[in-house]
Amino acid sequence: MAALLLGAVLLVAQPQLVPSRPAELGQQELLRKAGTLQDDVRDGVAPNGSAQQLPQTIIIGVRKGGTRALLEMLSLHPDVAAAENEVHFFDWEEHYSHGLGWYLSQMPFSWPHQLTVEKTPAYFTSPKVPERVYSMNPSIRLLLILRDPSERVLSDYTQVFYNHMQKHKPYPSIEEFLVRDGRLNVDYKALNRSLYHVHMQNWLRFFPLRHIHIVDGDRLIRDPFPEIQKVERFLKLSPQINASNFYFNKTKGFYCLRDSGRDRCLHESKGRAHPQVDPKLLNKLHEYFHEPNKKFFELVGRTFDWH
């Protein structure tokens, strides 16, 4: 029990992981949580593990790239403890000002051998996030899942459209966002999120490419097992996820998960049909991303089967 308590304290009190700005608050909070954790373990009430750990891996994006699917699939591994919600610690000032102690409190309880994973898709496109993540842990391993940029734009629009529909609020057609004065509206935020090379350059200012594993989101949807195997290797996890953990659901039209005899699929909001777009406008979209895609391929040293 003494060894367990010592391990718990060591896990939550890691001074080298405290960023410069919220250092004092973070350190005090970490020590406070260590004391609380000691009491919990002594009383035998620590749930699902012995301690909360700062994430050793973060899924940084991209929005509508398949981050939820990736997290759910990765959670099949027994050595992975995943945060349930998008924490938005590094990109929301209100959260970041609370310090690392607050961030730690958002993590799941886990065992020392487990890898804690957090996902917030907005991190990838937020200019201030890479430096903040680096300040916490320059050795952290990052997962980035990307899909065809044009398809990502349509999916981005679709999510916002349905959010408005559920609230019975009107929302303009996608053409109204994509076209302005007869030309492609390059100020549309969804287009900017798909300029992968711009955002990747920002991350590579702080992290070497070997610390960032890019998951092919299109392949993950079509054939998830090989992509998850690559993620296991990148994270140095033992190969525990099997092909039998995935099955194709004909009704939903995508792969679902099978874990310990239980089947589960992603939320019904995933896999929604995209709006019909005029082929000429779609071609303009493909042309717009052609050069940015080439720059991204050169940046990361690999290609993707995108339009």
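Just so you know, glycine gets a Cβ as well, placed from its N, Cα and C.
Per Swiss-Prot, signal peptide is recorded for 1-20, and the stated evidence type is similarity to another entry.
What Swiss-Prot lists as N-linked glycosylation site is Asn48 (among others).
Lys64 (3'-phosphoadenylyl sulfate binding site): 23 other CB atoms within 10 A of its CB, across all protein chains. Mapped onto three states, the DSSP output places Lys64 (3'-phosphoadenylyl sulfate binding site) in coil. What Swiss-Prot records for Lys64, Gly65, Gly66, Thr67, Arg68, Arg147, Ser155, Tyr255, Lys270, Gly271, Arg272, Ala273, His274 is 3'-phosphoadenylyl sulfate binding site.
The N-linked glycosylation site annotation in Swiss-Prot covers Asn192 (among others). Listed in sequence order, Thr125, Val198 are the same-chain residues at least 6 apart in sequence whose CB falls under 8 Å from the CB of Asn192 (N-linked glycosylation site). In three-state terms derived from DSSP, Asn192 (N-linked glycosylation site) belongs to a helical segment.
Among the features that Swiss-Prot reports, N-linked glycosylation site is placed at Asn242 (among others). Around Asn242 (N-linked glycosylation site), a 10 Å sphere centred on its CB holds 12 further CB atoms from the protein chains shown.
Neighbours of Asn249 (N-linked glycosylation site), defined as other CB atoms within 10 A of its CB across all chains, total 14. The DSSP secondary structure for Asn249 (N-linked glycosylation site) is strand. The N-linked glycosylation site annotation in Swiss-Prot covers Asn249 (among others).
According to Swiss-Prot, the feature disulfide bond maps to Cys256-Cys265, an assignment based on experimental evidence. All protein chains shown were included, and the count of other CB atoms within 10 Å of the CB of Cys265 (disulfide bond) stands at 16.
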- Query: DSSP on Cys265 (disulfide bond), three-state: which is it?
  - Reply: coil
- Item | Distance, Lys64 (3'-phosphoadenylyl sulfate binding site) to Asn249 (N-linked glycosylation site) (CA atoms, angstrom) | 21
- Task: Using the structure shown, find which entry in Gly66, Ser155, Cys256, His274 (the recorded positions) has the sparsest Cβ neighbourhood within 10 Å.
- Result: His274
- Query: For Cys265 (disulfide bond), which of the binding-site residues Lys64, Arg68, His274 has the nearest Cα in space?
  - Reply: Arg68
- Task: Run through the Cβ atoms and count how many others sit within 10 Å of the one on Arg68 (3'-phosphoadenylyl sulfate binding site).
- Result: 18
- Rounded distance in angstrom between the Cα atoms of Ser155 (3'-phosphoadenylyl sulfate binding site) and Cys256 (disulfide bond): 20
- Message: Between the Cα atoms of Cys256 (disulfide bond) and His274 (3'-phosphoadenylyl sulfate binding site), what distance do you get, rounded to the nearest Å?
- Response: 20
